[in-house]
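The next block holds one structure in the form of structure tokens; read it before the comments.
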Amino acid sequence: LGTTITISSNHWVMAWTGLEINTLAILPLISKSHHPRAIEAATKYFLTQAAASALVLFSSMTNAWHTGQWDITQLTHPTSSLILTSAIAMKLGLVPFHFWFPEVLQGSPLTTGLLLSTIMKLPPITLLYMTSPSLNPTLLTTLAILSTALGGWMGLNQTQVRKILAFSSISHLGWMAIIIIYNPKLTLLNFYLYAMMTATIFLTLNSIKVLKLSTLMTAWTKVPAMNAMLLLTLLSLAGLPPLTGFLPKWLIIQELTKQDMAPAATLISLLSLLSLFFYLRLAYCTTITLPPHTTNHMKQWRTNKSTSITIAILTTMSVMLLPISPMILAIV
């Protein structure tokens, strides 16, 4: 309901209401397990989102004070535009407001982590989409390049799968932020494909009950086929050419080059190689390598035979959409 209200609103107060409903709705899901880590994650999430929502309201009030209107698309005051960009960056977890996101994701169950990485990112991205003509290109490009760099660097030394996926999300948000002023539809396409691939990975990990790299190394004994597909989905999320994840990166680089931003496109492409490194490490852990030492968790001698048609469909789409990309682009 919160997402729908924000997406369909024209008035800033209604958009703010939708964001608040969203925040309050996800808190019970994060703190459901009653573990101290989960309560900590819920508190961090609440404080960050409340601060960001207050900034959204403040920027819209400043804009209304100067221009006399509350319409979302009429964000013409430069200061309001800067405050709103900062607020949305905080809501999304763009650098330098990213500190809360890996911690919150680490303290949440996998299914809640999926919601945090996908559905909860949609309303802020929609607000950016609607205000994109009046945003500051320099600020957004800086935030985007920093997010891609930090998302790659910070993910390199992680052993927890949820934290790796959190830094992956920060890196992908960088790609979305850099293009939103020049071609907002590309940002949405990137978000949809990212949400689909992330959903595949989260649901697969939830199905094989994996939370860290050492358990991922023994998962191939349980569900070999699903593990092989997880490897391909991870490489697709990294953006390797024959797979779906290459499509948004290809189009974004093309659009940036058209806008005479070849240096930015080169830089962001090189920085995404950092992310590729830890995706490759995850891919190695799924099927290619065995753990170097004995793990201290219990191995399951009974394999889980239950299969999910949802995971199968999502995996297929995450790996094989590139050949029909002209059709997707025609629709977009």
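Cβ coordinates come from backbone N, Cα and C, glycine included.
Residues or ranges marked as domain 'NADH:quinone oxidoreductase/Mrp antiporter transmembrane' by TrEMBL: 9-274. Summarising the annotation, TrEMBL assigns domain 'NADH dehydrogenase subunit 2 C-terminal' to 276-329. Under the heading transmembrane segment, TrEMBL lists 12-30, 42-61, 81-101, 138-157, 164-182, 188-208, 228-247, 267-290, 311-331.
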Note to self: Considering only Cβ pairs within less than 8 angstroms, which of the stretches 12-30, 42-61, 81-101, 138-157, 311-331 has the most against the transmembrane segment (228-247)?
What the structure shows: 311-331
Checklist line | Taken over the domain 'NADH dehydrogenase subunit 2 C-terminal' (276-329), the model's mean pLDDT | finding: 77
Check: Who are the chain neighbours of the transmembrane segment (12-30) in space, where the CB to CB distance is under 8 Å and they lie at least 6 residues beyond its ends?
Finding: 1-6, 38, 41-42, 45-46, 49-50, 52-53, 56-57, 60, 63-64, 70, 72, 91, 104, 107-109, 112, 115-116, 120, 123-124, 127
Item checked: Same-chain residue ranges lying at least 6 outside the transmembrane segment (267-290) that approach it to Cβ under 8 Å -> 144-145, 148-149, 151-153, 155-156, 158, 161, 164, 167-168, 171, 174-175, 178, 213, 216-217, 219-220, 224, 227-228, 230-231, 234-235, 237-240, 249, 253, 256
